[in-house]
Amino acid sequence: MSSLDNSDVDSDAMSSHQKNIVVCAVVTWSIAAIFVGLRLNLRGRLIRVIGPEDWVILAALIFSGCNSAGSVVEACYGMGRHSKNVPDKHWRPMLEAAWFTALFFSLSICLTKVSILLLYLRSLTYEWTKISLWILMAVVVVTGLADIGIVATTCLPLHAFWDETTHAAYCHPREVYYAIAGLQIGTDFLIFLLPLPVVWSMRSPRDQKAVLITVFSFGFFICIVSVVRLVELAANDGDKDYTFTGVTVAYWSLIEVNTAIVVSCIMTFKPLLTRVLASSARQKSRTQVPPAEHSDAAQSIRPPTIGSEPTRGRGVVARKQSWLSVQLARMDRSLQTVNETGETETRGTSDELDTGTVGAGMGLWGADVHKQLTPPPPPLAVVPDRRSYGSSVTMPVDENEGPQE
């Protein structure tokens with residue numbers, strides 16, 4: 001039993017999480033880089049608008065890459081191993097890398113929040129939301145600068161943080177870090193809560209509102225990760241074997257900073273996807289043929305549209321109908337004018353239509369009646385008749401009616 005106990009202790013003493021830290025740093029940053037690249041490519045090629053929020057998120061990705069690189073350097077010098085197994089000469093470079101990692105973490109988180117708020121300013125156009133966004137922007141910038149300032153003044157002088165031979169005149173107490181972390185989490189909740197009432201008040205179908213609310217709600221995952229990281233940080237505070245037990249804090253820090261970038265990019269994919277689907281629908285509608293009409297007359301008078309069947313090549317009948325409809329419409333207008341002037345009292349007893357009398361009662365249009373209605377229609381009483389709808393104009397039915405070609 002004693003041999004087994006000793007072997008268990010030895011295996012635990014030699015255990016290490018260094019490879020896990022490296023994998024977590026590389027994978028999380030690579031995912032964030034893919035999303036940022038996809039965002040810039042789609043916005044640059046599809047919408048052709050790359051705004052300041054896109055450049056800010058690119059800067060956040062760069063600082064996140066520096067944070068991930070710092071975590072890898074920490075792991076190379078002993079982070080993830082038991083403290084007693086870390087060589088003395090590795091402590092200074094490991095602590096230097098830890099300080100730079102914390103600085104780049106604060107820079108990346110602050111820029112990511114600013115990018116999200118800039119995206120809100122472009123999307124949310126209500127006056128009260130713009131005022132709220134500018135106020136929240138000021139709060140985010142102030143808290144971000146405070147966080148960066150706290151990291152920059154961790155100890156006075158600064159190199160006392162990693163050089164044990166230098167006496168530190170002052171170092172921030174733990175309560176300062178907890179306070180600034182709490183403020184950062186509070187701004188996270190405000191950022192992702194602000195657009196929800198705006199989306200809910202929109203006059204859109206509920207399914208669209210649900211999609212938008214779901215997209216914005218992804219940000220609350222960052223808030224949860226921030227809370228978990230803070231809890232882990234407090235649980236491992238003061239542990240003498242922090243290089244081994246504090247590896248969970250390193251994991252959650254890498255997840256938080258890179259997930260924030262991913263969420264900020266997902267918020268831009270919704271309008272891009274909508275634009276792509278709308279463009280596809282328009283392209284599909286151009287190739288669709290409208291359904292056939294129940295009557296040929298309705299088909300002939302319907303105005304041509306994109307995708308409609310052409311009316312040419314239908315033969316002489318189609319041309320006759322078109323010519324007759326024009327002539328009937330003109331005679332309708334002329335008869336209405338004649339009825340108003342009272343000059344059609346003898347129309348029933350007349351054998352022929354007096355084009356001069358009709359022209360006298362039609363004003364300027366009657367001046368061109370001989371040009372428009374030549375030759376005049378034949379006698380009305382000796383042939384079968386057809387009446388235009390809604391009028392008493394009588395037109396002959398002749399097999400040879402219509403313009404002569």
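Positions of Cβ are set from backbone N, Cα and C atoms, glycine also.
TrEMBL lists 20-42 (among others) with the feature transmembrane segment.
The domain 'Rhodopsin' annotation in TrEMBL covers 39-275.
The transmembrane segment feature in TrEMBL is assigned to 54-77 (among others).
TrEMBL lists 97-121 (among others) with the feature transmembrane segment.
Sequence annotations record features per position, and here TrEMBL assigns transmembrane segment to 133-156 (among others).
Within its own chain, the transmembrane segment (176-198) has Cβ neighbours under 8 Å at 109, 113, 116-117, 120, 123-124, 126, 129, 132-133, 136, 139-140, 143, 146-147, 150, 213, 216-217, 219-220, 222-223, 226-227, 230, 233-234, counting only residues six or more beyond its boundaries. Here TrEMBL flags 176-198 (among others) as transmembrane segment.
Residues 116, 178, 181-182, 184-185, 188-189, 191-192, 195-196, 199-200, 202, 249, 252-253, 255-256, 259-260, 263, 266-267, 270 of the same chain lie 6 or more positions beyond the ends of the transmembrane segment (210-231) yet place their CB under 8 Å from a CB of it. The annotation transmembrane segment is assigned in TrEMBL to 210-231 (among others).
For 251-273 (among others), the entry in TrEMBL reads transmembrane segment. For the transmembrane segment (251-273), the list of distant contacts is 20-21, 24-25, 28-29, 31-32, 35-36, 38-39, 42-43, 46-47, 57, 60-61, 64, 67-68, 71, 101, 105, 108-109, 112-113, 115-116, 119, 123, 211-212, 215-216, 218-219, 221-222, 225-226, 228-229, 232: same-chain residues at least six beyond its ends, Cβ to Cβ under 8 Å.
Per TrEMBL, region 'Disordered' is recorded for 284-318 (among others).
According to TrEMBL, the region 'Disordered' annotation covers 334-355 (among others).
Residues or ranges marked as region 'Disordered' in TrEMBL: 368-405 (among others).
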For the domain 'Rhodopsin' (39-275), the mean pLDDT of the predicted model: 89
